[in-house]
Amino acid sequence: MRTLWILAVLLVSVDGSMFNLWKMIMVMTGKEATKNYGMYGCNCGPMKRGKPKDATDQCCADHDCCYKKLTDCDPKKESYSYKFEKGEILCGETNPCLNQACECDKAVATCFRDNLDTYNKKQQFNTGIFCSKAKAC
(Lines of atoms letter the chains of each structure in order from A and count residues from 1; the text may use other names and numbers.)
(Lines give C-alpha, C1' and ligand atoms only; values in the text may rest on other atoms or scores of the structure.)
Protein backbone atom coordinates (compact mmCIF):
# COMPACT_ATOMS: atom_id res chain seq x y z
CA MET A 1 0.00 0.00 0.00
CA ARG A 2 2.81 2.42 0.89
CA THR A 3 4.46 1.72 -2.47
CA LEU A 4 1.27 2.62 -4.33
CA TRP A 5 1.00 5.87 -2.37
CA ILE A 6 4.60 6.80 -3.23
CA LEU A 7 3.99 6.05 -6.91
CA ALA A 8 0.81 8.17 -6.84
CA VAL A 9 2.74 11.11 -5.38
CA LEU A 10 5.40 10.75 -8.06
CA LEU A 11 2.78 10.76 -10.79
CA VAL A 12 1.06 13.88 -9.45
CA SER A 13 4.31 15.82 -9.21
CA VAL A 14 5.49 15.07 -12.76
CA ASP A 15 6.44 17.90 -15.03
CA GLY A 16 9.20 18.89 -17.42
CA SER A 17 11.53 16.23 -18.72
CA MET A 18 10.30 13.51 -16.34
CA PHE A 19 7.40 12.90 -18.72
CA ASN A 20 9.88 12.84 -21.62
CA LEU A 21 12.02 10.31 -19.74
CA TRP A 22 9.05 8.06 -19.03
CA LYS A 23 8.02 8.13 -22.69
CA MET A 24 11.57 7.30 -23.80
CA ILE A 25 11.68 4.33 -21.42
CA MET A 26 8.30 3.05 -22.63
CA VAL A 27 9.29 3.27 -26.30
CA MET A 28 12.76 1.78 -25.81
CA THR A 29 11.81 -1.05 -23.43
CA GLY A 30 8.07 -1.59 -23.76
CA LYS A 31 7.89 -1.23 -19.96
CA GLU A 32 5.99 1.39 -17.97
CA ALA A 33 8.69 3.49 -16.30
CA THR A 34 7.23 4.19 -12.86
CA LYS A 35 6.07 0.63 -12.21
CA ASN A 36 9.15 -1.13 -13.54
CA TYR A 37 11.99 1.28 -12.77
CA GLY A 38 10.62 3.76 -10.20
CA MET A 39 11.99 1.83 -7.20
CA TYR A 40 14.30 -0.65 -8.91
CA GLY A 41 17.49 -1.76 -7.16
CA CYS A 42 19.57 0.65 -5.12
CA ASN A 43 19.73 3.57 -7.57
CA CYS A 44 16.45 3.91 -9.46
CA GLY A 45 14.00 6.38 -8.00
CA PRO A 46 14.15 9.44 -5.80
CA MET A 47 16.83 9.68 -3.11
CA LYS A 48 18.21 6.18 -3.64
CA ARG A 49 21.94 5.59 -3.62
CA GLY A 50 23.94 2.43 -3.23
CA LYS A 51 26.14 -0.12 -4.90
CA PRO A 52 24.23 -1.21 -8.05
CA LYS A 53 22.60 -4.63 -7.80
CA ASP A 54 22.87 -5.39 -11.54
CA ALA A 55 23.32 -3.78 -14.97
CA THR A 56 19.83 -2.25 -14.90
CA ASP A 57 20.53 -0.64 -11.53
CA GLN A 58 23.87 0.62 -12.91
CA CYS A 59 21.90 2.42 -15.64
CA CYS A 60 20.20 4.46 -12.91
CA ALA A 61 23.47 5.19 -11.11
CA ASP A 62 24.97 6.46 -14.37
CA HIS A 63 21.85 8.57 -15.01
CA ASP A 64 22.13 10.20 -11.57
CA CYS A 65 25.78 11.04 -12.28
CA CYS A 66 24.84 12.46 -15.68
CA TYR A 67 22.22 14.74 -14.09
CA LYS A 68 24.74 15.90 -11.47
CA LYS A 69 26.90 17.33 -14.26
CA LEU A 70 24.10 19.69 -15.35
CA THR A 71 24.55 23.16 -13.88
CA ASP A 72 22.45 25.60 -15.91
CA CYS A 73 19.05 23.91 -15.85
CA ASP A 74 16.83 21.64 -13.77
CA PRO A 75 16.29 18.48 -15.83
CA LYS A 76 13.45 17.32 -13.59
CA LYS A 77 11.40 20.47 -14.18
CA GLU A 78 12.31 21.87 -17.59
CA SER A 79 11.16 20.18 -20.77
CA TYR A 80 13.29 19.61 -23.87
CA SER A 81 12.80 18.74 -27.54
CA TYR A 82 13.48 15.27 -28.97
CA LYS A 83 12.04 12.77 -31.41
CA PHE A 84 12.08 9.07 -32.17
CA GLU A 85 13.47 8.04 -35.53
CA LYS A 86 14.08 4.47 -36.72
CA GLY A 87 14.06 3.11 -33.17
CA GLU A 88 16.47 5.71 -31.83
CA ILE A 89 16.07 8.88 -29.77
CA LEU A 90 17.31 12.11 -31.34
CA CYS A 91 17.79 15.07 -29.00
CA GLY A 92 17.14 18.38 -30.71
CA GLU A 93 17.16 21.00 -27.97
CA THR A 94 18.87 24.33 -28.71
CA ASN A 95 19.54 25.05 -25.02
CA PRO A 96 22.85 23.23 -24.33
CA CYS A 97 21.95 22.23 -20.77
CA LEU A 98 18.53 20.88 -21.74
CA ASN A 99 20.08 19.06 -24.70
CA GLN A 100 22.48 17.38 -22.26
CA ALA A 101 19.50 16.48 -20.02
CA CYS A 102 17.93 14.85 -23.08
CA GLU A 103 21.16 12.96 -23.73
CA CYS A 104 21.18 11.74 -20.09
CA ASP A 105 17.61 10.48 -20.45
CA LYS A 106 18.36 8.93 -23.84
CA ALA A 107 21.34 7.11 -22.32
CA VAL A 108 19.34 5.60 -19.45
CA ALA A 109 16.45 4.55 -21.71
CA THR A 110 18.90 2.94 -24.14
CA CYS A 111 20.77 1.30 -21.25
CA PHE A 112 17.51 -0.18 -19.93
CA ARG A 113 16.74 -1.54 -23.41
CA ASP A 114 20.22 -3.01 -23.78
CA ASN A 115 19.96 -4.70 -20.37
CA LEU A 116 16.43 -6.10 -20.50
CA ASP A 117 17.93 -9.57 -20.13
CA THR A 118 19.31 -8.67 -16.66
CA TYR A 119 16.07 -7.10 -15.38
CA ASN A 120 15.22 -8.82 -12.09
CA LYS A 121 11.63 -8.56 -10.85
CA LYS A 122 12.93 -9.13 -7.31
CA GLN A 123 14.61 -5.71 -7.53
CA GLN A 124 11.48 -3.97 -8.86
CA PHE A 125 10.31 -2.65 -5.47
CA ASN A 126 13.60 -2.46 -3.56
CA THR A 127 13.25 -0.17 -0.53
CA GLY A 128 16.99 0.45 -0.33
CA ILE A 129 17.33 -0.94 3.19
CA PHE A 130 19.98 -3.46 2.13
CA CYS A 131 21.91 -1.17 -0.19
CA SER A 132 25.57 -0.60 0.62
CA LYS A 133 27.26 2.77 0.18
CA ALA A 134 27.80 3.75 -3.45
CA LYS A 135 30.96 5.10 -5.03
CA ALA A 136 30.94 8.79 -5.95
CA CYS A 137 30.38 9.73 -9.57
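Note that Cβ sites are derived from N, Cα and C of the backbone, with glycine treated the same way.
Per Swiss-Prot, C91 makes its disulfide bond with C102 among C97, C102. Ranges compared are 43-55, 69-81, 121-133, and Swiss-Prot records region 'Important for membrane-damaging activities in eukaryotes and bacteria' for 121-133. Partner cysteine of C59, as given in Swiss-Prot, is C111 (from among C111, C137, disulfide bond). Looking up C66 in Swiss-Prot gives a disulphide bond to a cysteine among C97, C104, identified as C104. Of the listed cysteines C97, C137, Swiss-Prot assigns the disulfide bond with C65 to C137. Taking only the Cα positions, the spacing between C44 (disulfide bond) and C59 (disulfide bond) is 8 angstrom.
A straight line from the CA of C137 (disulfide bond) to the CA of C60 (disulfide bond) spans 12 Å. Break the region 'Important for membrane-damaging activities in eukaryotes and bacteria' (121-133) down by DSSP state and the numbers are 3 helix, 1 strand, 9 coil.
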